[in-house]
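Database features, via Swiss-Prot:
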{"type": "TOPO_DOM", "residues": "2-35", "note": "topological domain 'Cytoplasmic'"}
{"type": "REGION", "residues": "2-17", "note": "region 'Interaction with YIP1'"}
{"type": "MOD_RES", "residues": "S2", "note": "N-acetylserine"}
{"type": "TRANSMEM", "residues": "36-55", "note": "transmembrane segment"}
{"type": "TRANSMEM", "residues": "58-78", "note": "transmembrane segment"}
{"type": "TOPO_DOM", "residues": "79-88", "note": "topological domain 'Cytoplasmic'"}
{"type": "TRANSMEM", "residues": "89-105", "note": "transmembrane segment"}
{"type": "TRANSMEM", "residues": "109-127", "note": "transmembrane segment"}
{"type": "TOPO_DOM", "residues": "128-180", "note": "topological domain 'Cytoplasmic'"}
Amino acid sequence: MSEYASSIHSQMKQFDTKYSGNRILQQLENKTNLPKSYLVAGLGFAYLLLIFINVGGVGEILSNFAGFVLPAYLSLVALKTPTSTDDTQLLTYWIVFSFLSVIEFWSKAILYLIPFYWFLKTVFLIYIALPQTGGARMIYQKIVAPLTDRYILRDVSKTEKDEIRASVNEASKATGASVH
């Protein structure tokens, strides 16, 4: 247990060091006499608690906001990078996010069947949004690819698929354009 606590303490110290130049967090730290990491963790906990309790039905908008902000930022950053290493992660995320948005048309029925749906959705979206967890890669490999591969290039043999992929990758390297 002490390993776990020391790991969290170390990460919080790293957070405080990394954001020591942030003016807003510095002002909050000066006013409250609490480290930046405690403030951010407390605000994150309060945010998740509001989603969990779903007072006045705000859980839906807070969940969607949390599920949009970080992936949107990462997507904008990915558009500026020449490599396509992060594209599968982000595209998988947006596929799952869109699928959940379509399902939520029946949100009253979902909330009846799954009482803490917005909280569970938020935790799940954060899990697949963070590249460190590998959640989107796992979802892609276990669910998305097996369901969609049979419809994409379904009339093409494996050899032809490999040739197509190789020529696309070759063209990508020659032109410097990224392949998605």
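Here, residue 1 is simply the first one shown, and the rest follow in order.
From the backbone N, Cα and C atoms, a Cβ is placed for every residue, glycine too.
Here the topological domain 'Cytoplasmic' (79-88) is broken down by DSSP into helix, strand and coil counts: 4 helix, 0 strand, 6 coil. Beyond its flanks by at least six residues, the transmembrane segment (58-78) meets 47, 50-52, 86-87, 90, 93-94, 97, 101, 104, 107, 118-119, 121-122, 125-126, 129-131 of its own chain at Cβ-Cβ distances under 8 Å. Away from its own ends, the transmembrane segment (36-55) comes close to residues 11-13, 15-16, 19-20, 22, 25-26, 28-29, 62-63, 66, 116, 118-119, 122-123 of its chain (Cβ-Cβ under 8 Å, at least six residues beyond either end). Residues 48, 51-52, 54, 59-60, 62-63, 66-67, 70-71, 93, 96-97, 100, 103, 133, 135 of the same chain, all 6+ positions outside the transmembrane segment (109-127), place their C-beta atoms under 8 angstroms from a C-beta of that stretch. Per-residue confidence over the region 'Interaction with YIP1' (2-17) averages out at a pLDDT of 87. Applying DSSP to the topological domain 'Cytoplasmic' (2-35) sorts its residues as follows: 27 helix, 0 strand, 7 coil.
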